[in-house]
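Structure first, commentary second.
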């Protein structure tokens, strides 16, 4: 085994140990804080529990009850009861499906001691912890390949383990699963294992809607590879041949579009499932207690006797867009209100880091960025670290997410939205940390030289 492989393996084990430690610490802290701090009373989704508690349910609730609040209630409800209410379709199916599978298989021996809800809650704690460790390893592999700097990649991943979105990465949210699938898929894509990358990025779309944005990586990298391949073939033919160049470029772009479509298919299928559920409803049995909740809260259930929802008449009936608009009032500039200033302040650190990353990268690579990273500049390929040309597409991806999150979303979710989707947040943090360390060393060495000169005098 070569020394470089040995170092990489050591780094992976370091990542696994540190990620495991932060998961255990996070679970401990949430249990303590959940016991000490009373829950905020809000008009959030909170379905009634119909099961009678078994022996271990109070213990699991005391240890991991803090993981089941806010959006986690939706995921746990879907895992337990399926997609009964219209607004449940804002939450994509992969995460609740995994929770239900864990509760029915790995945790099945506990069915005599834990209710289904208790086993789902335990599945959240165990599943997200394991998946987070895997996501950290995937991020290290991706960072090592893109940055071409082992130390910077390692520090970036260690900072990922301390992400400010930590509370959402251990709770019953799909962010951890999405991060693991996205980082692993992008790593496979960088190694040019494109079909494997499409599979993982497609699963990421099954976990969160913003997995659609990952299709941009397939389009861009296919175009970039097509240009490089066309240039190489043209040069090998003894001169530039325009027709051959254009044909190769078109072939790669069409291939990229096909791969991008594979990533988008899960989103389309899920919307079709929602369309069939509410626009062409069949007889469904809804437990009375859940039907009463729907009547009290105004939740829509699939009912053939009820009027057809208006979104079913849209030219493109996308249920997800309707839910975001009607249930959560998500839209362009809708969150720009004076009362939301505290939420903008909460999002300010992550937004600042993201924009600083984009600014620093563009300033360091102005000509490269003008050509959208598609120019043929051999010297750029020798740059390592944060300013590596391969980082360009990730900077664009990060900027798109930031702008969309600030102007079109509830801005308080920007931290978890960006932290689980883009590695740039951790790359720029590691880069700035290294720069500060180098500056301190430079000042220290300079001061030592001055002192030694004075001593010599």
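Even glycines carry a Cβ here, placed using N, Cα and C.
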TrEMBL annotation of transmembrane segment - which of the ranges 344-371, 428-455 it falls on: 344-371
Have a look at 249-273, 274-298, 299-323 and point to the one annotated transmembrane segment in TrEMBL. 249-273
Using TrEMBL as the reference, determine which range in 57-77, 120-140 is annotated transmembrane segment. 120-140
Considering only the recorded stretches 89-108, 120-140, 152-173, 391-412, state which has the highest number of Cβ pairs under 8 Å to the transmembrane segment (193-221). 391-412
Let me spell it out: take the transmembrane segment (120-140), skip the flanking residues so only those 6+ beyond its ends count, and list any with a Cβ under 8 Å from a Cβ in it. 11-12, 15-16, 18-20, 23-24, 27, 60-61, 63-65, 67-68, 72, 76, 79-80, 98-100, 102-103, 106-107, 110, 114, 153-154, 156-157, 160-161, 169-172, 176-177, 179-180, 183-184, 187, 423, 426
